[in-house]
Amino acid sequence: MLIGVPKEIKNHEYRVGLTPASVRELRTHGHQILIETGAGEGIGMDDAAYAKAGAEIVPDAASVFARAEMIVKVKEPQPAECRQLRPGQILFTYLHLAPDPEQAKLLMQSGVIAIAYETVTDERGRLPLLAPMSEVAGRMAVQVGAVSLQKANGGLGVLLAGVPGVPPARVAVLGGGVVGTNAARIALGMGADVTIIDKSIGRLAQLDDLYGPHLKTLFATAEAIEDAVFHADLVIGAVLVPGASAPKLVTRDMLGQMRRGAVLVDVAIDQGGCFETSKPTTHDDPTYIVDGIVHYCVANMPGAVPRTSTFALAQATLPYALKLADHGWKAALRSDPHLRAGLNVAEGRIVHPAVATALGEVVLTADLVLAAA
Ligand SMILES: NC(=O)C1=CN([C@@H]2O[C@H](COP(=O)(O)OP(=O)(O)OC[C@H]3O[C@@H](n4cnc5c(N)ncnc54)[C@H](O)[C@@H]3O)[C@@H](O)[C@H]2O)C=CC1
Ligand SMILES: CC(=O)C(=O)O
Ligand SMILES: [Mg+2]
């Protein structure tokens, strides 16, 4: 198969869809790879490294989109990219369609077969292609939260760790999945007073086993959330219902009962955000203040640490990219229900049930798509 990788164009997005090592593996399987010139610059991989691995370097994104049978990316296609997609072409990348009807419309119009990293599942119900970036974003959430808490950045002016005689900051983490667990781990490591909240008792029990008495766990009732948020210096939003818009757990009214200068880091912003007052921001201008509360809502947090993130993402996506390239999308999705769960758009329709519900579209099931294909 002819596989193409354009350079990412989202604000401060330096990750790239394939590493030279992935290119080499795909070449070993007999596939051809097109890389847009400079696509790997942000991770310190120049054109020569890709060429050495067996890729053909092409001068622009248009050449990639025009020629490739499968496009492998990192972030959701921007409008200019969507317009270059064509019927039957495979798009393998993050999409986060639930809060993004404009992108959904363009993908449906294009006729592309869009497989979203974030809804591919595994046999234990986890999200193996979201997990590596959730690990990064969860760990980063604490460091960006710590910086946002500094007075000059609009924050309360507290140090997460405190010092002898002065208590540490209180951190509330909403959602105890991959982002939440990684955030809690780093916040605990920095000496903060950490509470994690989830609606799954089983997940809270695992977290209790992992971190023992250092971590406070709370079952997610409205009362527990209010209590934790009102007393927190830093709140990290990390809930997810796969494919769906994030539930709004912190309303604008609740901000009035928080401490002025407290910080909200909404990692769930790529699914619309779990704070009512969240709106997507960029690495250029990551924070804004509502009712005295600092909001950090960057939708591509791992893009800031592209060397770590690209290698972590590429090692997770490679087996699936190989499967799609080796067998074609129809056979690959027929034989693997977990990869099939990644199918979001096909035949001009939304295929994932939770995504369709969020967008108010009528779902066309993956089984129907494959039966007709
Ligand atoms: N902004 C960014 O750059 C990035 C954002 N993300 C996003 O972070 C979010 C979290 O991802 P993961 O941790 O991987 O998901 P996950 O599926 O591992 O964890 C989500 C957790 O939320 C819990 N949950 C769901 N609804 C809840 C509710 N109403 N109350 C309490 N808990 C609830 C679930 O039980 C689960 O434990 C996703 O939206 C993901 O796309 C991930 C990576 C980067
Ligand atoms: C998951 C996601 O949105 C990201 O890594 O940018
Ligand atoms: Mg987005």
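All residue numbers here begin at 1 and follow the chain in the order shown.
Positions of Cβ are set from backbone N, Cα and C atoms, glycine also.
The candidate list Ser110, Ser134, Ser148 contains one residue that TrEMBL assigns to the NAD(+) site with Asp198, Arg203, Val239, Leu240, Val267, Ala268, Ile269, Asp270, Val298, Ala299, Asn300, Met301, namely Ser134. For ligand 2, the neighbouring recorded positions among Arg15, Ser134, Ala268, Asp270 are Asp270, by Cβ distance under 6 Å.
Binding of NAD(+) is attributed in the record to Ser134, Asp198, Arg203, Val239, Leu240, Val267, Ala268, Ile269, Asp270, Val298, Ala299, Asn300, Met301, and the widest Cα separation among these residues amounts to 26 Å. In the structure shown, across all protein chains, Lys75 is the one of the binding-site residues Lys75, Arg203 with the greatest number of other Cβ atoms within 10 Å.
The binding-site residues under consideration are Leu240, Ala268, Ala299, Met301. Their Cβ neighbour counts within 10 Å are lowest for Leu240.
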